[in-house]
Every structure is written in C-alpha cells, then in structure tokens.
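Asks: Here you go, one structure.
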Amino acid sequence: MLAEWLDQGLEGRAPSRSEGRIAGGRFRLLAPGVLELAPDTPATGARACVLSVGIHGNETAPMELLGEVLARLEAGLLRLGAPLLVILGNPEAIQRGQRCVATNLNRLFRRDLDQAGDEPDRARVLMAEVDAFYARHPGRERLHYDLHTAIRDSRFPRFVVEPFTATPTPAEQWRWLAGAGIQAVLHQHRHSWTFSHHSKHYHGAAAFTLELGRALPFGHNDLAPLAPMGRMLEALLEGRVPATGEPGTMAFFRVEHELLRHSEAFRLCFPDDTPNFSEFPPGTLLAEDAVAGETRVGDTALSVVFPNAQVEIGARAALLVVPSPPPG
Ligand SMILES: O=C(O)CCC(=O)N[C@@H](CCC(=O)O)C(=O)O
Ligand SMILES: [Zn+2]
C-alpha cells in the first residue's frame, strides 16, 4: 500500500486506501501526496521527521529512494519507531516530468504568501500539514530533510544547503550527514523561503535541502551512491540513531552573494554545463544584466552553485560561495 501510494501519486491516481496498519504502527493519508506514519510506541529519542521529495517534479532519484524505504517498511523488513510525515511535493509537476508547473514551489514557503495559483496553493497546503504535524508532537526533536537532485554535475555530487535562521543546527547533524555520504555543506546567508527553511525558521527543526546527484528521468538513476542515505532514512523511520561519519570529510562553504536575474537581457558568462562548486579567480566576469550591469569576482575567488540563467526575472540565478570553517 505505501509503495503503491507513492506510485499512484506519481501517476496522478487516487490511492485505494486512506489508512491502515504497517509494522509497528499506522499510516494515514492526510491530503494528496501527504502521508502520516504514526508508531504504536515511539522509540526513545525518536525524532518527529518530515521527509519530502518531488518539490521539483523532475527530480526523480529521491522519489525512487524513498519508494524503496517505504517498500521495505511495507514488507515488514523495517518496523516503524518514529512519527513521520512523508510528502510528495508537487504531484502535478511530477506527472508532467517538469521542475514546476508555473513557478518554483521552493520559493513560496512563507506565512505571508499572498500569490494565487497552483504552486502557491500547494505551498499553503504543505505548510499547514507540516505545522499540524509538528504541533501533534510537542517536546519531540524535529527534523526535516527535503530531498532534491541538481540540474548540473557537481564537484560534490551529494551536498546539503543549510537554511539561514537563528536556530543553530545540532552538532550531531554533521556526523549523521557525513555518515549518509554527504560530501559538502553550504550555509545560506539569508532567509530563502524554501521548504526546509520553513521547518527550521518556524519550528526550530534541524532542516536541510539535500542535493543527491543530478536530475534524471525515472529509471535512469544509479541509486548505489545513495545507499548510505537510504540507511539513514531507515534509521530515522525506526527511531534509531543513524550511522555517523567524520564531519571533517565534508567541505564547508557559505554563500557570499546571491546573483539575481533583473532583466530579460541577462546572461551568465560561463558555459551552461559548468558543474556546481566550480571556482572562478578574482576579476572573472560572471554575468551581464541590462539592469544590474556586470558581476565580476572581487578580490577573493568565488565558486558558483545552482547557476541558471533561465529563472524568472527577480529570481536567483546563482549562488556565489566561498569556503568556510567547519562548525564548532
Ligand atoms: O540545480 C539547480 O540549479 C537547482 C537545484 C535545486 O532545486 N535546488 C534547490 C535548493 C534550495 C535551497 O537553496 O535550499 C532550489 O533551487 O530550490
Ligand atoms: Zn530541486
């Protein structure tokens, strides 16, 4: 039923059952693409976990990975030990195999959102479900992993974005992420209104956007490098402490500057297929914009993450980042 729920969501079919039993607890469909797993007896120290995939409809590897974990739970190979909210982010975009339908859902997670349209409506549903889920688990530590894949190759194929908020990230997170095969961490420098930012900013959750390789069509993903990540998700689901790694194995960066597209006549001055975290020396011309003029690297080398000249006007066209010391 659980793996079927995911498949039906991907295909736009209504699920056959809206609640029932699984090993160690119950499942309940709360809204289209929103599944709650409630353990009979939460394990000591279990986190209230939100796991989201498909916020961008063409990022398929996380959906396949989560599908495997849910199938193992359903087959009785795992036993539920933690409260979980499992989210299929943008079903309409997933069915179309597109990043989004009209606008980027992952910029809309703010409580004062007043836009109309499919993605704004979906953001409001998801924010309400996450708010209600965390409210059902007062006193329990909160976690949100929002799983994505990136448009381009990357010097670090598996990395996380740590949203900017006042809430410090618990030190254990760096050990868990290293243990799950994450290779780099990027600290945001300001509020970004992404889904993981919502959970961290409004709920004090340990929350990240996880980039797990490149976005490819269903069936073309190599899930082998994501095996440690799958094991971490299984540990969280069972309420166990995940395997840990050495945070020093990860590269740490912080955002120095956000490059915005201000006009139609905007272009990035490096090839489209430039991998994430490529470094440019001082003086390099990075972008030209009819309104903002030239953007050049200053005195310190900058690396480029998520370059995309095709974004909407006013949206982020790249993050310009520098190495930063590991936390703590
Ligand atoms: O590869 C790209 O250019 C985009 C990949 C992607 O969807 N990234 C997320 C990052 C969210 C964050 O900054 O936390 C996004 O752009 O929404
Ligand atoms: Zn994405």
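Note: Cβ is positioned from N, Cα and C throughout, glycine not excepted.
Sequence annotations record features per position, and here TrEMBL assigns domain 'Succinylglutamate desuccinylase/Aspartoacylase catalytic' to 48-232. Look at TrEMBL and you will find His56, Glu59, His148 tagged as Zn(2+) binding site. Taken from TrEMBL, the feature active site applies to Glu211. Among the features that TrEMBL reports, domain 'AstE/AspA barrel-sandwich hybrid' is placed at 249-323.
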Asks: Using DSSP reduced to three states, classify His56 (Zn(2+) binding site) as helix, strand or coil.
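Replies: The three-state answer is coil.
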Asks: To the nearest whole angstrom, what is the C-alpha distance linking His56 (Zn(2+) binding site) and Glu211 (active site)?
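Replies: Roughly 12 Å, rounded to the nearest whole number.
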Asks: The domain 'Succinylglutamate desuccinylase/Aspartoacylase catalytic' (48-232): mean pLDDT?
Replies: 97
Asks: Quick check for the class: what is the C-alpha distance, in angstrom and rounded, between His148 (Zn(2+) binding site) and the residue listed as 'active site'?
Replies: 5
Asks: For ligand 1, pick out the binding-site residues His56, Glu59, His148 that have a CB under 6 angstroms away from one of its atoms.
Replies: His56, His148
Asks: What does the DSSP secondary structure composition of the domain 'AstE/AspA barrel-sandwich hybrid' (249-323) look like, as residue counts for helix, strand and coil?
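Replies: The domain 'AstE/AspA barrel-sandwich hybrid' (249-323) comes out at 1 helix, 38 strand, 36 coil.
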Asks: What other residues of the same chain, not counting His56, Glu59, His148, have a CB atom within 8 A of the CB centroid of the Zn(2+) site?
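Replies: Other same-chain residues with Cβ inside the cutoff are Val53, Gly54, Ile55, Gly57, Asn58, Pro62, Arg99, Leu147, Thr149, Ala150, Ala215.
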Asks: Roughly how many angstrom lie between the C-alpha atoms of Glu59 (Zn(2+) binding site) and Glu211 (active site)?
Replies: 10
Asks: For His56 (Zn(2+) binding site), just count the other CB atoms lying within 10 A of its CB, please.
Replies: 23
